[in-house]
């Protein structure tokens, strides 16, 4: 199985290269606008693999592309991959609704798995939160997420998915709940789901969902201790999508099932 990695010089990209090599996959291309010409394996700490970093995605030639870049770059990369018939594992976040619509259109050409978080723990966490939301749909729900100071998007894609899970459950129970990403001044709490992002230091990622009842509350938390969990999940998703013949917009639920 031939794998290309876009964003290969970044924090996540290096870990993807490292774990792809560890899983016995053949990394054949590595794309980034930084560290051009350097060996992707050396950057990943696994020694030379004979794959230099290049910055021209139009040269893409692989079975699967694993993307951890920026939303803008990822959209271009997905366009090229779809045109060339290359399957896509998309770990980039920060997409607009229009971007997601376009990704779904591109997925009509090639199998594509898109997730704001490839960690197995987070995907189980989503299921736990959904179960709790069904039991506690009348309770107030708030989400707080913490990430390192360099994270580009806020709230995180993982937090937004948590909010969407809770919103859908409430909607099924006849409760309208809007997403609230900031509050200012003093006002009564309306039917809403608050999502708040904190940025600082080198926090890999932490998400806490609060359910507030009368005289009690439940807190559910997932903490990523290392980015390794995201890379491992993405590489395993790549091995899965490589065996999928039917084009489509797949999620981690499809992979886990």
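Positions of Cβ are set from backbone N, Cα and C atoms, glycine also.
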Of the candidates 32, 99, the one that Swiss-Prot places in the NAD(+) site of 7, 8, 9, 10, 11, 12, 91, 92, 93, 115, 116, 117, 118:
32
Using a Cβ cut-off under 8 Å and a sequence separation of 6 or more, which residues in the same chain sit near residue 151 (active site, proton donor)?
199
Around the (S)-2,3,4,5-tetrahydrodipicolinate site formed by 148, 157, 158, list the extra residues of the same chain whose Cβ is within 8 Å of the site's Cβ centroid.
93, 116, 117, 145, 147, 151, 153, 156, 159, 205
Compile a sequence-ordered list of residues in the same chain as residue 115 (NAD(+) binding site), six or more apart from it, whose Cβ lies below 8 A from its Cβ; state 'none' when nothing qualifies.
90, 91, 123, 237, 251, 252
Between the binding-site residues 7, 157, whose Cβ has more other Cβ atoms within 10 Å than any of the rest?
7
